[in-house]
Amino acid sequence: MSASFSPHTITLIKSTVPLLAEHGTTIIEAMYHRLFEDPQIEALFNQANQKNGTQIHALAGAILAYARNIDNPGVLASAIERISQKHVGYAIHPEHYPHVATALLGAIKQVLGDVATSEVLEAWGEAYWFIANLLKDREAVIREGIMTKNGGWIHWRRFVISKRIPESETITSFMLHPEDGGPVVPHQAGQYLTFRFDAAGMPGMKRNYSISCGPNSDHYRITVKREHGTGASAFLHDQAKVGTIIECTPPVGDFFLPSVIERPIVLLSGGVGLTPMVSMMEQIAEAYPDAQVWYVHGTQNRETHAMDAHIRALVSRHKHMKATTFYTQRSEADDAEAGFITIDWLRANTPFQKADFYLCGPRPFLRTFVRDLIGAGVPAAQVHYEFFGPMDEEMAA
């Protein structure tokens, strides 16, 4: 990834870094206010992340990081891939980018005032369209790859809930088949679906849920924890029945197993973060008989532990697969380790520096293990993780 920005453009962008550090969130708030004057544009965004401020904070941090690295945009390659995958999931298309450009530049002028000269705005316009064109090009490649496969689709597609499976006291799995009776594009184990819910009280609400079954052309399975409140998880748990229709876009995401497994694999999850791991384990059990796999999961207790019997069955089918569970509230009868997963335990019981780690779980879980694994000597390129919600600068680092 290389950019042909002039030295003058680079100087202008870098001159705004202190202002972005101070006023970045205000600029992004103003940008979204402008964008959301158009209801069709507003409907593209996850409003929950708008209301709690996480998206505003994350985007402000991303723009600041871009400004600081304007002379070395190659450091943003992984972010470009993650955002492109997310945009395909949210059905964002090339025609939406000019709206963002107008809103962003208008917000910069509104917040920075006279400091945002015509030269500064021109430089930021150039910087925006450089990134926007990278995203559009990558998104086009992703969509083409989906559409060339049997069962592929691009926009929102209607699925029928064909089965509900209680997995724990707070977690339920939902089997999904296309309403049109056609095939589905096989996902890569670890990817997710983006859903649009139009039930009463949450029009246009969007959520990402990892696919929790192995790749196939017939159906998907998602496994959802009942969260507090009245959002998508409450709708699925309390209102969605067998026969209920829900809409989603095709599987996307940059968190998945490689086509060729060259190193031992450690799957590490916390709570409902087990969902992409189950998908990976199903694929490994089916297609990678020689892969060496350690699955380590942490949860509160037996009542909160989802899919335990299914995971044990997968382990029994594969001669090189091991699974260990940690309960923070363990009883004497539980076949689990007591307490929390630790780096010392992983170092002693897995291949560690020789392994590829795949992580999914709550934000504190990920922040701790991404940082500590790398700090303990696992190469950063061997630490892969999935996080739902806007990625803050600390996580992205």
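Note: Cβ is positioned from N, Cα and C throughout, glycine not excepted.
For 4-140, the entry in Swiss-Prot reads domain 'Globin'. Among the features that Swiss-Prot reports, site 'Involved in heme-bound ligand stabilization and O-O bond activation' is placed at TYR32. Sequence annotations record features per position, and here Swiss-Prot assigns site 'Influences the redox potential of the prosthetic heme and FAD groups' to LYS86, GLU386. Look at Swiss-Prot and you will find HIS87 tagged as heme b binding site. Swiss-Prot lists TYR97, GLU139 with the feature active site, charge relay system, giving sequence analysis as the kind of evidence. According to Swiss-Prot, the region 'Reductase' annotation covers 151-397. Under the heading domain 'FAD-binding FR-type', Swiss-Prot lists 154-258, citing sequence analysis as support. Per Swiss-Prot, the feature FAD binding site maps to TYR192, ARG207, ASN208, TYR209, SER210, PHE387, PHE388, GLY389, PRO390; the stated evidence is sequence analysis. What Swiss-Prot records for GLY271, VAL272, GLY273, LEU274, THR275, PRO276 is NADP(+) binding site, and it gives sequence analysis as the kind of evidence.
Overlay of Swiss-Prot feature records on the structure.
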residue: TYR32; record: site 'Involved in heme-bound ligand stabilization and O-O bond activation'; Cβ within 10 Å: 21
residue: HIS87; record: heme b binding site; Cβ within 10 Å: 21
residue: TYR97; record: active site, charge relay system; Cβ within 10 Å: 18
residue: TYR192; record: FAD binding site; Cβ within 10 Å: 27
residue: ASN208; record: FAD binding site; Cβ within 10 Å: 22
residue: SER210; record: FAD binding site; Cβ within 10 Å: 28
residue: GLY271; record: NADP(+) binding site; Cβ within 10 Å: 20
residue: THR275; record: NADP(+) binding site; Cβ within 10 Å: 29
residue: PRO276; record: NADP(+) binding site; Cβ within 10 Å: 26
residue: GLU386; record: site 'Influences the redox potential of the prosthetic heme and FAD groups'; Cβ within 10 Å: 24
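The NADP(+) site, placed at the center of the C-beta atoms of GLY271, VAL272, GLY273, LEU274, THR275, PRO276, has further neighbours from the same chain whose C-beta lies within 8 angstroms: SER210, THR223, SER269, GLY270, MET277, VAL278, ALA306, CYS360, GLY361. In sequence order, GLU139, ASN208 are the recorded positions from TYR97, GLU139, ASN208, GLY271 with a C-alpha within 10 Å of the C-alpha of LYS86 (site 'Influences the redox potential of the prosthetic heme and FAD groups').
In sequence order, SER84, HIS87, VAL88, ILE92, HIS93, PRO94 constitute the residues six or more apart from GLU139 (active site, charge relay system) in its chain with CB-CB distances below 8 Å. The Cα atom of TYR192 (FAD binding site) lies nearest to that of VAL272, taking the recorded positions TYR32, GLY271, VAL272 as the candidates. Residues near LEU274 (NADP(+) binding site) in space but far in sequence (CB under 8 A, at least 6 apart, same chain), listed by position: THR223, HIS297, ALA306, MET307, ILE311, CYS360. VAL272 (NADP(+) binding site) falls within a helix when secondary structure is assigned with DSSP. Taking only the Cα positions, the spacing between ASN208 (FAD binding site) and TYR97 (active site, charge relay system) is 22 angstrom.
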